[in-house]
């Protein structure tokens, strides 16, 4: 009687029960969460500093002055998109909110190379959404999964929002964008954004509350269905050379990769993950118990040869390196801060609630 052949597989080095300990330097999830917390802390600092800067002008200089944080430009994606159109047409950096455009370009480059890594490694909204989802999972023991007939149309909403903003940017001539960026509204655009959060109306409060509650039950509700920024990164990420790739020969069909994927991608059924929903978070890679089976790489992993694959520490180095390189360029070029005279800020910021488009 012929002896049945058993599939032999090699356990991923350092794993216990198929997982690496959280404090193992090879654990990609630990590197990602550390990067997320760093960016979240930076954005909290930016928000607090910006609030103090605005209050200085609102109180007629009676409070402590702090310099305007240039990082607030990262919260002006529409200005960044419009300025990107202006720069592509004219070949020049915009005079106001150039940093918003450069940060947008940095995040596009990250998505172009590393899938939607901006969403899962850098975005503070994505981090908060993930934390809320984790809380919901601990409180209720599970996450809701919407049926396909509802999930697919809802995922299309963020692309409709993205199309609207791209249409606005494409519709405006470069000269019109230039004049708009010099307008009083553009100068205090960041202050208007702060006012939106400081003085929420009833409808906005209800919407935010519903979204927060939904995020407890539906993982990444905002990111999956409504975020136009993530939609843009997803479209760009289709060109990414790095993808999650699976070696079907060594795969033991345990299904852990698909079960743990926060985007609910059936990784265990695919040879390479092309979908716009993949954020490059590497959760599936960390869930795989078999060596050389699931990688975030340029080519399919193989048991008999080493393919170049991205590790957690290298992903951290790349996403932070690209972002800080662009910030460094903005500082070197003198556009990290918009060249707005202090007297103009002194006059416009107290009037910001009354300034329209």
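Backbone N, Cα and C define each Cβ position, glycine as well.
Annotation source Swiss-Prot lists [4Fe-4S] cluster 1 binding site at 251, 254, 257, 288, citing similarity to another entry. Cβ-based neighbour count (10 Å, all protein chains) for residue 257 ([4Fe-4S] cluster 1 binding site) stands at 26.
If you look up Swiss-Prot, you'll see 261, 278, 281, 284 marked as [4Fe-4S] cluster 2 binding site, on the strength of similarity to another entry. Under the three-state DSSP scheme, residue 261 ([4Fe-4S] cluster 2 binding site) falls in the coil class.
Marked as domain '4Fe-4S ferredoxin-type 1' by Swiss-Prot on the basis of sequence analysis: 242-270. Taking Cβ pairs closer than 8 Å, the domain '4Fe-4S ferredoxin-type 1' (242-270) reaches residues 7, 9-10, 18, 113-115, 120, 130, 133, 145, 219-220, 224, 277-303, 310 in its own chain, all 6 or more past its ends.
Look at Swiss-Prot and you will find 269-299 tagged as domain '4Fe-4S ferredoxin-type 2'. Summarised as a single figure, the pLDDT of the domain '4Fe-4S ferredoxin-type 2' (269-299) averages 92.
As annotated by Swiss-Prot, topological domain 'Cytoplasmic' applies to 1-36 (among others).
The topological domain 'Periplasmic' annotation in Swiss-Prot covers 55-91 (among others) and rests on sequence analysis. DSSP labels the residues of the topological domain 'Periplasmic' (55-91) in these numbers: 24 helix, 0 strand, 13 coil.
Here Swiss-Prot flags 115-158 (among others) as topological domain 'Cytoplasmic', drawing on sequence analysis. Sorting the topological domain 'Cytoplasmic' (115-158) by DSSP state (H, G, I as helix; E, B as strand; all else coil) yields 33 helix, 0 strand, 11 coil.
In the topological domain 'Periplasmic' (182-195), the DSSP tally of helix, strand and coil residues is 11 helix, 0 strand, 3 coil. What Swiss-Prot records for 182-195 (among others) is topological domain 'Periplasmic'.
Sequence annotations record features per position, and here Swiss-Prot assigns topological domain 'Cytoplasmic' to 219-309 (among others) based on sequence analysis.
Taken from Swiss-Prot, the feature topological domain 'Periplasmic' covers 333-357 (among others). Under DSSP, residues within the topological domain 'Periplasmic' (333-357) fall into helix, strand and coil as 14 helix, 0 strand, 11 coil.
Annotation source Swiss-Prot lists transmembrane segment at 37-54 (among others), citing sequence analysis. Long-range contacts of the transmembrane segment (37-54) within the same chain, counting only residues at least 6 positions beyond its ends with a Cβ under 8 Å from a Cβ of the stretch, are 63-69, 71-72, 74, 121-124, 127-128, 190-191, 194, 320, 349.
Among the features that Swiss-Prot reports, transmembrane segment is placed at 92-114 (among others). Within the same chain, residues 70, 73-74, 76-77, 79-81, 83-84, 86, 122, 177-178, 181-182, 186-187, 189, 232-234, 236-237, 239-242, 280, 310, 315, 318-319, 322-323, 325-327, 329-330, 333, 335-340 sit at least 6 positions outside the transmembrane segment (92-114) and bring their C-beta atoms closer than 8 Å to a C-beta of that stretch.
According to Swiss-Prot, the feature transmembrane segment maps to 159-181 (among others), an assignment based on sequence analysis.
Residues or ranges marked as transmembrane segment by Swiss-Prot on the basis of sequence analysis: 196-218 (among others).
Only residues 6 or more beyond the boundaries of the transmembrane segment (310-332), in the same chain, are considered here, and those with a CB under 8 A from a CB of the stretch are 25-32, 34-35, 38, 70, 98-99, 102-103, 105-107, 109-110, 113-114, 117-118, 121-122, 242, 280, 282, 295-297. What Swiss-Prot records for 310-332 (among others) is transmembrane segment, and it gives sequence analysis as the kind of evidence.
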Pop the Cα-Cα gap between residue 284 ([4Fe-4S] cluster 2 binding site) and residue 251 ([4Fe-4S] cluster 1 binding site) into the table, whole Å please.
13
Could you put numbers on the helix, strand and coil content of the domain '4Fe-4S ferredoxin-type 2' (269-299), residue by residue per DSSP?
6 helix, 6 strand, 19 coil
Compare the Cα of residue 288 ([4Fe-4S] cluster 1 binding site) against each of the binding-site residues 261, 278, 281 and report the nearest.
261
Within 10 angstroms of the C-beta of residue 261 ([4Fe-4S] cluster 2 binding site), what count of other C-beta atoms is obtained when all protein chains are considered?
21
Hey, how far is residue 257 ([4Fe-4S] cluster 1 binding site) from residue 284 ([4Fe-4S] cluster 2 binding site), Cα to Cα, in Å?
4
